[in-house]
């Protein structure tokens, strides 16, 4: 292929976007414990968590200098939405930076509680289900072209997304919950935390029916050119390679659909029934009914998609987005994971895939203590795996001991804590926010609109999420600098 890709990463011959804007929204579970005693309600802890934010910005819904969004979501869940990223490793750094940022807030909240004579530690969990069965999300966002029908795209994507839990689930011990709307599944280990909490395939709702794909038309970009694919079904992941496989495989599938690369129609007869069954089948072999009357297993569906993706890499034209080298790493892990499921020998991925890592940990404790799967000590291990506090959460302990494979580095993650991605619109937002923070200028910011409120309102709208340069932003920052004295009075 000789034609060059555009600045958006779209190849003129295949139509595939190999440079794609994407982001992840993570809701965190929250509690405060003093020993085994719960000290405060989640809404009370959340107030302490966000008090410094509200004191500084007069709001609990803000954009921060690394261009990400930080806010308090429904149900008192702290939520962190990464800035716009255009490559896989950049996104992993941005997502992991969110863990660092909210953990720092938790440490500060503990200090504030102690000053008021309230003991206890604040716990933030990067998981998807609390102890009484309430679910909170980890949502992925992918930019697609406006001419793409999200419903049609969703139908093509659905078999992959429903079976993707096999390769990227977070894993959990599933306890029967009489309070849930579930189907009465028995005690067992599930490979996905989110599978039981979606109720539709494609829908414009997010909380009422929790679809696998949300179709609300909110592109946060030029609405004449782009749509935003909002994937709700994914688990929140701790291991960097699991995040890479979850997002990287999805990028490859989107590219193949856009390029019409010959993925066969494997539309499932019942999406919701299938996703529940797969979550409880670590072999991936339960036959699933397809709409064409045939059956395939989840493992077979993933293998078909993987085989096409491996061939696609030979045709994929590199852009400034995710490199072919990164995608080769994704395919290597994807292939090894499918082989592990096929052979039921998970030793080749037991330092990379969350649900496998956690199950190995639980199995070891269960065997050592001769424990039943419903033993509270195993439930504690299950939960503590997701505690984001370094040195306290089990995941971080394993990673510090070299028992978890890294995809990126602490240095890159810490850089992303304070710096916006440099290759997208996020860079411009970060520049504006840092200048405003330094000068004390009052600004109002969202994904597209950036406004300096005084002395005279100045508004810049950035509709191209791919562009990290803009003369109007330069002028806006110059305006703030010219009125620095105004902001000091």
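Including glycine, each Cβ sits where the backbone N, Cα and C put it.
Copied over from Swiss-Prot, here are the features:
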{"type": "BINDING", "residues": "25, 71, 79", "note": "Mg(2+) binding site"}
{"type": "BINDING", "residues": "69, 82, 447", "note": "ATP binding site"}
{"type": "ACT_SITE", "residues": "73", "note": "active site, proton acceptor"}
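Projection of Swiss-Prot feature records onto the structure.
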{"residue": "25", "record": "Mg(2+) binding site", "contacts (Cβ under 8 Å, 6+ apart)": "79, 80, 81, 82, 137, 138, 139, 141"}
{"residue": "69", "record": "ATP binding site", "contacts (Cβ under 8 Å, 6+ apart)": "61, 62, 63, 79, 80, 81, 447"}
{"residue": "71", "record": "Mg(2+) binding site", "contacts (Cβ under 8 Å, 6+ apart)": "60, 61, 62, 78, 79, 81"}
{"residue": "73", "record": "active site, proton acceptor", "contacts (Cβ under 8 Å, 6+ apart)": "27, 79, 136"}
Can you list the residues of the same chain, besides 69, 82, 447, whose Cβ falls within 8 Å of the ATP site's Cβ centroid?
23, 25, 63, 67, 68, 81, 83, 84, 426
When you average the Cβ positions of 25, 71, 79 for the Mg(2+) site, which other residues in that chain have a Cβ within 8 Å of that mean position?
26, 27, 69, 70, 73, 77, 78, 80, 81
Reduced DSSP assignment, residue 25 (Mg(2+) binding site)
strand
Would you give the longest CA-CA distance, in whole angstrom, between residues of 69, 82, 447, the set recorded as binding ATP?
11
